Amino acid sequence: MGKLLKPSKEIGIVGYGAYVPMYRIRNEEIGRVWGVSNFPIEEKAVPGLDEDAVTIGIEAARNALKRAKIDPREIRAIWFGSESKPYAVKPSATIIAEAIGATPDLEAADFEFACKAGTEALQAAIGFVASGMAKYAMAIGADTAQGRPADHLEFTAGAGGAAFIVGEKSSETLAYFEGSYSYVTDTPDFWRRQHEHYPRHGNRFTGEPAYFHHVITAAKTLMDELGLTPADFDYAVFHQPNVKFPLTAAKILGIPKEKVLPGLLTGKIGNTYSGATMVGISAVLDIAKPGDRILWVSFGSGAGSDAFSIVVQDAIEEKRDLAPKVEDYVKRRKVIDYALYAKARRKYIL
């Protein structure tokens, strides 16, 4: 048996949608407060006082439904991936399902795997639909990531998310999955223990042993199993904790940065964790042409990567304009100072 994950039925994306909060804080403003002058990105998205990972997931799910043009009650599973769920004990997926009118006849659960929780949910959704147990399933990745004040994560931890509705490949699917591959090991590069507010990171594990080892291995294995080369892909979206890592991964794989930049959004909205590659793929689908092939590789600390190859179909031309595009959310911005940012992120202890 090969390593490729390929269901017996061809599965495609029926609808997709993204959402990014309006507020932004520039890295130079964070640096002004903490006396730092070297910045990994330009600015990051900040959730409003009435926003969290669930509200982001709801907005993304609604946009996906607009493009899918289906009755939400036809969705038989909603799986929500996040590491910043508002409840420690209570599923967020049920809130989203209720909000979009999908209840009560469906599966609903929350997934966790650091920044690849959303693509982990997507793998499950693909298998669930391919098994014949559901006509449609929805996978969501959304986060309002936190970084300890003055920690380097504070400069990049952003907010945003995306949702994908999958179904059997047809003339109504806007892209289909050629295959996927998942690769995981026990690598302690990043964690947050119970009752701790901010995550910790093992610096010596962060780069080569964690991100690059898993992303490169997953991408190469997927291409080898499908008999494809980097030249066969028109776009590539990698997990983007910063701007440097995905561009370096692309260079190692022999993929020109021009194929990566359209889906590389961290510099403008920060690292959206579970939403990172899903928002990036949404941005690429907003501009892709029928026949384009896209390499999609997520990464989650702890550690693992999911790699997908998707091919864009004709329906993209009709569906992409049915909901706001990622660029619309990127341009919809209001810059705030550190005081308002700290208030919005509840960093003040009263």
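Cβ atoms here come from the backbone N, Cα and C positions, even for glycine.
Look at Swiss-Prot and you will find Glu83 (among others) tagged as active site, proton donor/acceptor, backed by sequence analysis. The 10 Å shell around the Cβ of Glu83 (active site, proton donor/acceptor) contains 23 further Cβ atoms across the protein chains shown.
Counting every protein chain shown, 32 other Cβ atoms lie within 10 Å of the Cβ of Cys115 (active site, acyl-thioester intermediate). Under the heading active site, acyl-thioester intermediate, Swiss-Prot lists Cys115, citing sequence analysis as support.
According to Swiss-Prot, the active site, proton donor/acceptor annotation covers His239 (among others), on the basis of sequence analysis. Note on His239 (active site, proton donor/acceptor): other Cβ atoms within 10 Å of its Cβ, all shown chains, come to 28.
In the three-state DSSP classification, Cys115 (active site, acyl-thioester intermediate) falls within a strand. Under the heading (3S)-3-hydroxy-3-methylglutaryl-CoA binding site, Swiss-Prot lists Cys115, Thr156, Thr206, His239, Asn271, Ser301, citing sequence analysis as support.
Annotation comment: Swiss-Prot describes Arg204, Lys244 as CoA binding site. DSSP assigns Lys244 (CoA binding site) to a helix. Within the same chain, residues at least 6 positions away in sequence whose Cβ sits under 8 Å from that of Lys244 (CoA binding site) are Pro40.
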Radius 10 Å, atoms counted are CB only; among the binding-site residues Thr156, Ser301, which position scores highest?
Ser301
Neighbours of His239 (active site, proton donor/acceptor) among the recorded positions Cys115, Thr156, Asn271, Ser301 (Cα to Cα, within 10 Å):
Cys115, Asn271
Taking each of Cys115, Thr156, Asn271, Ser301 in turn, which of these recorded positions have a Cα lying within 10 angstroms of the Cα of Glu83 (active site, proton donor/acceptor)?
Cys115
Expressed to the nearest Å, what is the distance separating Asn271 ((3S)-3-hydroxy-3-methylglutaryl-CoA binding site) and Cys115 (active site, acyl-thioester intermediate) at their Cα atoms?
9
How many whole Å apart are the CA atoms of Ser301 ((3S)-3-hydroxy-3-methylglutaryl-CoA binding site) and Cys115 (active site, acyl-thioester intermediate)?
7
Through the lens of DSSP with three states only, how would you label His239 (active site, proton donor/acceptor)?
coil
